[in-house]
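A.B. asks: In case it's useful when we look at the structure, here is the feature table from TrEMBL:
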- 18-40: transmembrane segment (TRANSMEM)
- 74-95: transmembrane segment (TRANSMEM)
- 116-135: transmembrane segment (TRANSMEM)
- 147-164: transmembrane segment (TRANSMEM)
- 203-223: transmembrane segment (TRANSMEM)
- 235-256: transmembrane segment (TRANSMEM)
- 268-286: transmembrane segment (TRANSMEM)
- 298-318: transmembrane segment (TRANSMEM)
- 339-355: transmembrane segment (TRANSMEM)
- 361-378: transmembrane segment (TRANSMEM)
Amino acid sequence: MGVAEPDSKKKEMVHSPILTYFSVITLLSTCPPFVILLWYTMVYLDGSLLNTFNYLKENGFEGFVNIWPKPTAIAWKIIGCYALFEAALQLWLPGRRVEGPISPTGNKPVYKANGVAAYVVTLITYISLWWFGIFNPTVVYDHLGEIYSALIFGSFVFCVLLYIKGHLAPSSTDSGSSGNIIFDFYWGMELYPRIGMNFDIKVFTNCRFGMMSWAVLAVTYAIKQYETNGKVADSMLVNTVLMLVYITKFFWWEAGYWNTMDIAHDRAGFYICWGCLVWVPSIYTSPGMYLVNHPVNLGIQLAISILIAGILCIYINYDCDRQRQEFRRTNGKWGLSRHFHYVPEILAAFFWTVPALFNHFLPYFYFAFLTILLFDRAKRDDDRCRSKYGKYWKTYCTKVPYRIIPGIY
């Protein structure tokens, strides 16, 4: 779906309407229970899909209901304190003024680029709370299922409120309905929803809650392993360091992210907002979640090799994004492939997962999911550009024929 007015939305479907409708219903109904199943399998069933299958085969739907934790008061408190803290940092920390791309209706969103400061303050605060005995992050891990359950339901309500806001009080003219309540809820009504003039909702959900929670949980898993075993395995160290390097890169480049499809094209609905509020802190962090109870001794040589390879991929991903921004700014040349930056991003995910080795597939679910997501995103982006630029896009594709992998695809 696009961000233009409703009739343009219909034109920008990249799949058939029936397939799109089926996909939306499937994702709305399966993603929430999958989050719970993944958490339960990682924490209680040794990360084994076979164990999960046998459990569900033996206990049926009632067994699944029994493992779904109820949201508890402590889960809501943790989420509430974290959300308020990040919202306060987003509003009050200083940052330079950044303008986003001009929207389809001529609006130009303005942001305050203070992501790096918020990231540093968040990690220093969180680690200091543990170091000085004020709050133990193991509490987060021990109540993780309840937290995910609360996020699933709370974020669903949040998306309903976004849908209502889009109808009754849109923040800008970049808002509209497709005429289908399910599509409007899933894809969203508004492109740039805000509370007041300064609090950008998508910056909060995508960056300050979602991506920041990835870093917080990566640290949480390392601390939990340390508290349980008295040490952190080199596999967990490699996983944690690579994830933190990647997230540091993200916040360093955050102003560039505001020009990407997530912000400048996809509207604020279940797909983006529920995904960032729930899917990111559960699925994206899952390799570390697995390693908490499955420490692997890689040895210095293998650990350093994986670490270097992962950091190199993250740097290449950053440099590709930097070049793309420079290309847009200067109308320069671009020649390897149209979405080459996805290659090092996928490889980086592999390198922070591979410390888990290959006993089970589930730790690699995020890697597999990311690969499918980015290949689909590349197609969506290409289809949108073909519709927008016409013959000029065709000329560009002639000069840069490969979509993602140079010489192959």
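For all residues, glycine too, the Cβ spot is worked out from N, Cα and C.
If you look at the structure here, what lies around each of the features I listed?
C.D. replies: For the transmembrane segment (74-95), the residues of the chain that approach it from at least six positions outside its boundaries are 112-115, 117-118, 121-122, 125, 139-140, 143, 146-147, 149-151, 154, 198-200, 203-204, 208-209, 212-213, 216, judged by C-beta separation under 8 angstroms.
Within the chain, the transmembrane segment (298-318) has long-range Cβ neighbours (under 8 A, six or more residues past its boundaries) at 234-235, 237-238, 241-242, 245-246, 249, 252-253, 341, 344-345, 347-348, 351-352, 354-355.
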A.B. asks: Which residues, given as numbers and ranges, are at least 6 beyond the ends of the transmembrane segment (18-40) yet have a Cβ under 8 Å from it?
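C.D. replies: For the transmembrane segment (18-40), the list is 52, 64, 67-69, 144-145, 148-149, 152, 156, 182-183, 186, 270-271, 274, 278-279, 282-283, 286, 289, 362, 365.
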A.B. asks: Same-chain Cβ contacts of the transmembrane segment (235-256) under 8 Å, 6 or more residues past its ends?
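C.D. replies: Those are 98, 111, 113, 115-116, 118-119, 207, 211-212, 214-215, 218-219, 221-222, 225, 285, 287-288, 291-292, 295-298, 303, 306-307, 310-311, 314, 317-318, 321-322, 325, 348, 351-353, 355-357, in sequence order.
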A.B. asks: Short question: which residues 6 or more past the ends of the transmembrane segment (147-164) have a Cβ under 8 Å from it?
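C.D. replies: Tertiary neighbours of the transmembrane segment (147-164) are 32, 35-36, 39, 68-72, 75-76, 78-79, 140, 184-185, 188-190, 193, 201, 268-270, 273-274, 277-278, 281-282.
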